[in-house]
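Peer 1: What follows is a structure written as structure tokens; I'll ask about it next.
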Amino acid sequence: MELELSRVDYTLVGITAPQTMKLLPNIGTRMMQKVAVADQDGVLQIFSVKKGDIQIGFKTLPGAGISRLELGGALGTVKDKIFVSSENEVRGYTKKGKLFLDFDTNLTEPIKSMHVSGSNLLVCGKHAYNQYHDCKDTNSYLCGDQINDVVSLSAEKANRLTPILACEDRMLRVLDRSSVLHNIEVDAIPAVLRLNGSDGGEAGDEILYGTADGRVGLVHVGRMDVDHRWILNDGKQRAGIVCMDCYDMSGDGVLDLLIGRQDGTLDIFSLGDDAGEEGKLTQRFSYSCNESITSVHGGVVGNAGYEEVVASTYTGWIFGLTTEVVDKQILMDTETGSMNISQDAQQKIMRLRFEIDELEQRVNREREKYQAATQDKVDGLSAIPFISINDKMTLCQDDASYSLILEVQTAIDNVLIQSDVPVDLLDVERNSAVVSYSACEPGSGNYLLATYRCQMNTTRLELKLRTIEGQHGTLRTYVTPLIQPKCCQLQQYKIKPLSLHMRCHSFDPQRPYNILTLKGAFSLGEIHTWVSFCLPEIPEKAPTGDKVTFTFVSTFLDTMLHCSYWKGEAEFQSDNISTISILKDILTKEATKKKIKLEIFCAVNDESVVHTLHLLHPKLEAQLKLSKQVALLEALRELDTHDAESLECLLPEYRHILKNEKELLAQYKRQPAHLDRLYGMITDLYIDRHKFKGINVKGKIPQLLEVLDKYDLQNLLNFFEQDPV
């Protein structure tokens, strides 16, 4: 059953961090609930809605930014106590605003995530997990990778405290006191955790997780084993998940899954008995608000008896999507074309007009004060305000591209993109900004200069770009907000030599691998730093232990890379010889900077070249076919214009091209220079294969390009097998 929901805006607070808004529970069924929200100004407030007006329950003074808000209470009682984390402190408030807890955790890292279970407080920084029982440090765990979220199984049902950590290395770690009980591998980076049904299901041991690439899954966590129940995988590319909640939106006894995403999409899926079958959930509703959603919660807020989803956005908007028909007070007379507005609606309009006039007057007064201060020749000042930017650069494994999201608390005027390495900008359907390119002068060190001019009131800009492996440098964005005085803020992103590789947990030993071995007087920390310079998704510090092992897969080619290193020695295995060549060059340069002498051994497997060419074959064949179809379009269009009757005589292949013209052009536009990139990879493969044998084959490249222009896999394999001398 599809849901019909209407948006209602409640209030605007400061910038909000993820999961800093909750609805306080009510004992009565379908009674109106209060909203608790905290922002980056350090303000915690509780408000309720009465006859359409906001009633503030309490509001704290500003302070350090609040990173998390959770509800808690004694086991078996109503969870109506409010806990907020700020830097490394946790404070607790009653629903009436009384401060009953002010606890300094003494953590060296600021608190990023938090969970409350009875008298147990679970807090996590970037790498450290700590458990406090009645404010006494009980258990701790130091994670080698970044911790994104923490939750605990329902203590009422499971009769034990079992924390689960969502970690950056695509792992869910189940803890038993201070040690790891289970390592649960997931397909993508888990970003948020939630108990299934808010209480963990029938046995209290079911965990929902949302990933950075927009998928959601359900895991059963037992004492002795774990079980992946399902994962949503319907083939659609969705934005990363920031927050989740479970609530029965229609009152039929079937829970719904509420999901808030980074691109501002709010999705509602049914969690019925058939949830997760064949990797699909039944979608009941979807809404986009054009700025990232930081918190989502189901309840009854605006009017008793009407369920709604309350959400908060990055810039601080608190709004609801309610089952109530909110425009019932404004009716259109179809005969006269006039609107009939009820008395309540007229009063609301009058109040809004009064508030707007009052705000305009305050803005004018502050603008005059600022202009007077800047024009003073003696004590003149010009303050550039600090603008908070919410940015994230994520590797998308589906199309081997990077998604860069820039979100500003105020409207964006323009964004300048500058890169000192070759980068392709790809089309984004949701992006309404106008892009213009500037020519890069030779010798300037620039390979890309592009400007995005944003439409009015745009606070969020999404970019897609594709890097080239073997090239490393820095991508810079200069974000100019629409404020006075004019200023811009610089954000920088490192592009690594093997930027299109991502971490995985499985290693296929049956592939034909090339092996690179390094020996030298380097420490474990030094070789870890060098590997981190080459590859993404590597933790800042080397994991504990004498030996470190990582496995990667190429999002573009599906080739694998296995890294093992310890003090004084390192071994790298890959079925793509170009990957080994890139690693050899970069690691040698890094060792030379440290004046460390390396012994280098390379074992080349000729079968790996054939293996890689077979992996490239379907991509190259599809791209050549697409290029050929696009090239034929102009001639077919001209034929269609001058002699439409002759189209009936065309081959089915040509009629198919004309019929799917828009789709073909859109697909071609989404992947600019894609064919050139594939040619470049094959060329590098040919050069790298012979480079390890001490043969320079750059003079053979024109012949290789001729073979590629008349592409046939067998002819290409024959060319690679020929003696280049």
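Here the Cβ of each residue, glycine as well, is placed from N, Cα and C on the backbone.
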Peer 1: Between 62-96, 342-376, which stretch does TrEMBL give the note coiled coil?
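Peer 2: Going through 62-96, 342-376 one by one, TrEMBL gives coiled coil for 342-376.
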Peer 1: Tally the residues of the domain 'BBS7 GAE' (385-493) by DSSP class, grouping H, G and I as helix, E and B as strand, and everything else as coil.
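Peer 2: Helix, strand, coil within the domain 'BBS7 GAE' (385-493): 0 helix, 60 strand, 49 coil.
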Peer 1: Give me the DSSP three-state residue breakdown of the domain 'BBS7 platform' (501-602), ordered helix, strand, coil.
Peer 2: 28 helix, 37 strand, 37 coil
Peer 1: For the coiled coil (342-376), what's the mean pLDDT in this predicted model?
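Peer 2: A mean pLDDT of 78 is what the model gives the coiled coil (342-376).
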